[in-house]
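One structure is given below, encoded as structure tokens.
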Amino acid sequence: MIDVPHEVIEKLQIFQDLVQKWNKAINLISENSTQNFWKRHILDSLQLIQYINDKEIHLVDIGSGAGFPGIILSIAGVASTSLIEADLRKCIFLEKAAKISNNNIQIINQRIEKTEISCNILTCRAFSNLNTIFDCTKNISVQNKFLLPKGKSYLSEIKEARKKWLFKCLINQSITSKESKILEISDLTKII
């Protein structure tokens, strides 16, 4: 299990309240997932922190939506986070949510394909398959790794991606679901 300081838990509770308040207006998360919010969203995002050895990094979260996992990781201690989100309404929410964290959070309201930025780690949650993630982030310089929570189709996604890309991939077990994995992908190179 993940050891989380009391102060972080308090901030995550504030974030949960904010998501649930805004969800009525802009549909940040599915109504079905509100009953199991802590496990489904908070813990599922928070578990990524165990794969971030140095918190003094710049992390990019693409398709940030409701702030999972980017805001959660910032609250948990990641020093600098950029959230890339095309939907202006969600960016307004993210601006409010960013104030909960003591760390630096930048909100970028534009399409991922048009974003040129450098980071240590790139993450996203419930965004797309590996090929799409790699294709749309070609202008983002990822220095260390992609850190990606994936569901039961992770093996077929890896197989498909290897047709177009060379990469190293560590597969870790998710703590929120037996079917889910956390992929650590590095040394990405396009082959076709």
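Heads up, the Cβ atoms here are built off N, Cα and C, so glycines get one too.
Here is what Swiss-Prot records for this protein:
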type    : residues                             : note
BINDING : GLY63, PHE68, ILE112, GLU113, ARG125 : S-adenosyl-L-methionine binding site
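Residue density at PHE68 (S-adenosyl-L-methionine binding site): 26 other Cβ atoms are found within 10 A of its Cβ, drawing on all protein chains shown. Around the Cβ of GLU113 (S-adenosyl-L-methionine binding site), the number of neighbouring Cβ atoms within 10 Å comes to 12. Of all Cβ atoms in the protein chains displayed, 23 besides its own lie within 10 Å of the Cβ of ARG125 (S-adenosyl-L-methionine binding site). Of the listed binding-site residues, namely GLY63, ILE112, the sparsest Cβ surroundings within 10 Å are found at GLY63.
Across the residues the record lists as binding S-adenosyl-L-methionine (GLY63, PHE68, ILE112, GLU113, ARG125), the two Cα atoms farthest apart are 20 Å from each other. Under the three-state DSSP scheme, ARG125 (S-adenosyl-L-methionine binding site) falls in the coil class.
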